[in-house]
């Protein structure tokens with residue numbers, strides 16, 4: 001295709017398979033989000049005491065999350081009111097830390113079903129996931145294709 005020819009279509013390079021779809025430059029904050037889990041209809045919640053779980057109540061102040069691009073396709077997830085970062089520990093537990101560590105970075109990937117997945121950068125076979133009960137699902141029990149790992153980012157402005 002001739003570049004700039006009348007009626008031509010500009011083709012953009014394909015996105016890498018690292019989940020880098022539409023990533024912002026490092027340090028850029030997107031608007032706060034709520035992460036809605038397809039499994040059980042829970043919103044991911046980061047509590048001030050460091051616990052992580054899911055809740056169905058849209059007005060819960062602890063479901064407002066700040067996703068920050070750390071590098072292409074990699075985000076940290078911070079609870080706005082808890083002021084803590086989502087982390088995955090070496091045993092697969094999800095909890096929230098006051099300071100971001102290597103355990104707080106996740107590969108954000110838009111899946112073909114338009115849900116996002118958040119895979120630990122440090123423990124790369126493990127995903128952020130919620131069970132049908134609203135409890136988090138430990139990393140070693142997660143994997144591709146599970147409903148528990150699918151999250152729909154929704155605006156938290158309202």
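Every residue, even glycine, has its Cβ placed from backbone N, Cα and C.
Keep in mind it's a predicted model, so treat the numbers as computed, not measured.
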Given ranges 114-130, 131-147, the stretch to which Swiss-Prot attaches the annotation region 'Heparin-binding': 131-147
Inter-residue Cα distance where the pair is residue 131 (site 'Important for interaction with integrin') and residue 137 (site 'Important for interaction with integrin'), in Å: 6
Cβ atoms near residue 137 (site 'Important for interaction with integrin') (within 10 Å, other residues, all chains): 23
Residue 39 (heparin binding site) and residue 131 (site 'Important for interaction with integrin'), distance between Cα atoms, whole Å: 7
Arithmetic mean of per-residue pLDDT over the region 'Heparin-binding' (131-147): 97
Structural state census, the region 'Heparin-binding' (131-147) (DSSP three-state): 4 helix, 2 strand, 11 coil
Distance, residue 39 (heparin binding site) to residue 132 (site 'Important for interaction with integrin') (CA atoms, angstrom): 6
